[in-house]
Amino acid sequence: MSNKAEKYSQLRSMIPEMRRVKHIYFVGIGGAGMGGIAEVLVNEGYKLSGSDIAESAVTQRLAQLGATIYIGHDASQVKGMDVVVVSTAISADNPELVAAKELRIPVVRRAEMLAELMRYRHGVAVAGTHGKTTTTSLIASIYGEAERDPTFVIGGLLNSAGTNARLGHSRYLIAEADESDASFLHLQPMVSVVTNIEADHMDTYEGDLEKLKTTFVDFLHNLPFYGVAVVCIDDPIVRELIPRIGRRIVTYGFSDDADVQALDFKQTGYSCEFTVKRAGLADLRLSVNLPGEHNVLNALAAIAVATEDDIEDAAIIKALAEFQGIGRRFQQIGEFATSKGEIKLVDDYGHHPSEVAATIKAARLGWPERRLVMIYQPHRYSRTRDLYEDFVEVLSQVDCLLMLDVYAAGEAPIPGADSRALCRSIRVRGQVEPVFVASTEQLETILPEILQGGDLLLTQGAGSIGLLSRSLTESNLGFAATGKDEKNA
């Protein structure tokens, strides 16, 4: 164990029973959520190993920190482990999972390990269908600016830290709470945030929206009676659930009855300016270095959490104004000089209709003079099926649409819930003429024909499209070399 890890091994001192655990194995270690927890544990001084199907920036970073990384899953790799951590993406027949059970090695889900990290810390858990990563990142940034030195585990790359996880040396732990498999019920934080609730991951909830709602209420009731629930009152389902929440509540939003309210919103390019009204406190006029009303809501959640913890306004204002963003959350890749003129490239992770709509609205507000060209990759056949008409409506709002095939994420195809079907339905709607693109390689031929000078090109989705911005950068958006002028934001 390094001197740093020995000095600050808080988990072992807080949970003596964890001293028995020497070697931890992660199956699917390259995922953002898994990799973040793994990074905190390896920095705590635990011996750590893990596997994934491919090398990634996450696995490379963990290897540099001292973890043993295997590419590919093999039963022999879990021998001698004290505990095996698995993500929900790991199938029951995974050879490492099967071997762990045969060897009677404890198998825990990612959220259970996160719960152990949080057990004796002051935990802030951020849940909701949309906005978790951004909100968690904003809270972590404010606490960092206030010199609270938090530990954080985030589902995306926090640009200012160069990582999605960090071991702090204080009592604070700030983390995303994942409702996709209801595993957030393992967490027992001091502060819980709910950004919004929509029908998503409905297979977990047997297609029952009421079951989803009840699970969120149960999550909030994991708070101690002296904890606080910070919830977005603008969201209709959250507002509906407030009478069922038996904990102290702080609401936020644009609504007049919000405890922490945003007023006088204005977006200029990438940043938003607004006034924050809080009961019994002076109003704040501030800006957040993120676009869109949805990001103002995310900022309000962070402000509410920080205000509850008596963080000074100066730290809040500075952290939000200087926020450097998160990977793949309206990430400005650059501006490119082409034979057609300058074109701006933005990459975004949103893959639910509401997220896509918020991204489109932010782009329209920030750059109203630009034509909006979207390359979209649907994520999961089941989501496409369940939200089909919503996708048709929101994707019809761009000026030009290029549609990649569905990223299956392990699912079998569902007839009528694929990209070709979406293109047909969008075409019938008549607002935009979509172009189906069978492979990303075709984009180098298609883009120079479609793009115009001044366009905003948006790559959108949660699957393999996340790698597209790099290849587009290398090929200058498919144009022949014309003096690329990349300005990373």
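Even glycines carry a Cβ here, placed using N, Cα and C.
Annotated in Swiss-Prot:
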- Gly128, Thr129, His130, Gly131, Lys132, Thr133, Thr134: ATP binding site (BINDING)
Assigned conformation of Lys132 (ATP binding site) - DSSP reduced to three states: helix
Other CB atoms within 10 A, centred on Gly128 (ATP binding site): 23
Residues flanking the ATP site, with Cβ no more than 8 Å from the Cβ centroid of Gly128, Thr129, His130, Gly131, Lys132, Thr133, Thr134 and excluding those residues themselves: Val126, Thr135, Thr195, Asn196, Asn298
Cβ neighbour count (within 10 Å, all chains shown) around Thr133 (ATP binding site): 23
C-beta crowding around Lys132 (ATP binding site), within 10 angstroms: 25
Chain-internal residues, separated by at least six, CB under 8 A from Gly131 (ATP binding site): Thr195, Asn196, His294, Leu297, Asn298, Ala301
All-chain count of other Cβ atoms within 10 Å of His130 (ATP binding site): 21
Candidate with the highest Cβ count within 10 Å, taken from the binding-site residues Thr129, Thr134: Thr134
